[in-house]
Amino acid sequence: MRNGRTLLRWAGVLAATAIIGVGGFWSQGTTKALPEGPGEKRADLIEIGAMERFGKLDLPKVAFRHDQHTTAVTGMGKDCAACHKSKDGKMSLKFMRLDDNSAAELKEIYHANCIGCHTDLAKAGKKTGPQDGECRSCHNPKPSAASSWKEIGFDKSLHYRHVASKAIKPVGDPQKNCGACHHVYDEASKKLVWGKNKEDSCRACHGEKPVDKRPALDTAAHTACISCHMDVAKTKAETGPVNCAGCHAPEAQAKFKVVREVPRLDRGQPDAALILPVPGKDAPREMKGTMKPVAFDHKAHEAKANDCRTCHHVRIDTCTACHTVNGTADSKFVQLEKAMHQPDSMRSCVGCHNTRVQQPTCAGCHGFIKPTKSDAQCGVCHVAAPGFDAKQVEAGALLNLKAEQRSQVAASMLSARPQPKGTFDLNDIPEKVVIGSIAKEYQPSEFPHRKIVKTLIAGIGEDKLAATFHIEKGTLCQGCHHNSPASLTPPKCASCHGKPFDADRGDRPGLKAAYHQQCMGCHDRMKIEKPANTACVDCHKERAK
């Protein structure tokens, strides 16, 4: 049994090292899934195209079934040395070599070792893979299997499970194990060390390709994760996957344990942050100090986001470190205004908020309201900082504050935000509204007005985002009573929508179309199944003939 566990651990190492062989298996050194195609779906298909670095390939790349080979090698009682060489006690991630010297040598390494192993197994009467002369069995432009590989993300649930794991020993702090994964390069000691409260995304240092001695992201991630999983397995503690499918198969990911209520991950981050427009050094004078700051409730947004990269897409740093008023090369010249207000980007404030109003509880109203711009809308987020006048802000007084001081200013701004006033007294809201001004073939419709208002209020609940923007008592009413001032007694629909459609006023539907468009559209967006759009008599009974 002990030998069986040992072989399993070696199988995991084989899985890790083959996957991360930058320049060994992938010509581009990435963990891209192979193109979709017919046949068996596998998460372990790896594209071998290392020869591509020396020029155009003569034959198609090889679709290598890694988990299948891992199982076979383990079954023969072999370990990683069957495919990987070592130097100074460290195993190379390249296949049967330490360096890439020439195209001819690389070709010989693959053919001699892969085909050689297959041939030896065939001589022993065992099931094996393609042999000499069966080139297209491996170099097949249409492999028999198709990739089901799915990228794995390190969301806050998975992150917390690692933070809370007693199997991952603390490094540098008896109470925290952050240093087991997070590190920075210390120039003085020439070592990787943990930077407390400076933990960053892996992508902050590790990109798609290796740079100097810094490995690419896929190499760094697989090396760290799989080796840690193997070390933990040696202690007989619960550990993570050690093969391709364990992480990258969709069915495996669907079974991951999910922590629903994740405690806040502590990185020394502020509860509240002050977002200031930072002009670039070369910004024109008129671009400086022209916008009021935004108090950002960082703690509340942490609870809503799935991971830090939801907002911090590369480095965990302030937005304005890259996105200045006039843009920087690091931000690909995406200016601060675009970074915060781009309506179709999930990484901008406005873009993320737009997805929230598309949820069924909000879409009934917001799906019908056309986006507009006004100074009043800007003023919901952009407000004056208490204790600082416009001249002080323009002179850079807020920018010159220490981080802790800016956080305090932001907190005071958040606490001073106007509280939502809810809606009008429910006793003043009609319980039912009889809609019968155009009743003809059908009887008037009894509209459960107060019930619908209560449903909308319940849908908002304690939502802070809704509370921030639904300030006035009549805000909620304007989902239906649109294009008129918020009021307890808004104009009737017929005030704007004529009973017959007026072609000369083609900017608005007639009354019948307005009712049906508003009611049916709301039901569709809120996914209300009954009454169905075709069930006329569910809303207004048919008149007796």
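Placement of Cβ uses the backbone N, Cα and C atoms for every residue, glycine included.
Keep in mind that what you see is a predicted model, and the values were worked out from it rather than measured.
Swiss-Prot annotates CYS135, CYS138, HIS139 as heme c 3-binding residues; of HIS111, HIS182, HIS183, the candidate listed for that same site is HIS111.
Checking the candidates HIS301, HIS312, HIS313 against Swiss-Prot: the one annotated together with CYS349, CYS352, HIS353 at the heme c 10 site is HIS301.
Of the listed candidates (HIS66, HIS69, HIS162, HIS206), Swiss-Prot assigns HIS69 to the same heme c 2 site as CYS114, CYS117, HIS118. Excluding HIS449, CYS477, CYS480, HIS481 themselves, the residues of that chain whose CB lies within 8 A of the CB mean position for the heme c 13 site are, in sequence, VAL453, GLN478, GLY479, PRO490.
Counting in whole angstrom, CYS539 (heme c 16 binding site) lies 41 from CYS381 (heme c 12 binding site) by their C-alpha atoms. Looking at HIS248 (heme c 7 binding site) and HIS523 (heme c 15 binding site), their Cα atoms lie 39 Å from each other. Nearest neighbour of HIS366 (heme c 11 binding site) by Cα distance, taken over the binding-site residues CYS135, HIS481, HIS497: HIS481.
Of all the binding-site residues in the list HIS69, CYS349, CYS365, CYS480, CYS522, the shortest Cα-Cα distance to CYS378 (heme c 12 binding site) is found for CYS349. The Cβ of CYS117 (heme c 2 binding site) lies under 8 Å from the Cβ of ALA82, THR128, each of which sits 6+ residues away along the same chain. Distance between Cα atoms for HIS482 (heme c 14 binding site) and CYS365 (heme c 11 binding site): 10 Å, as a whole number.
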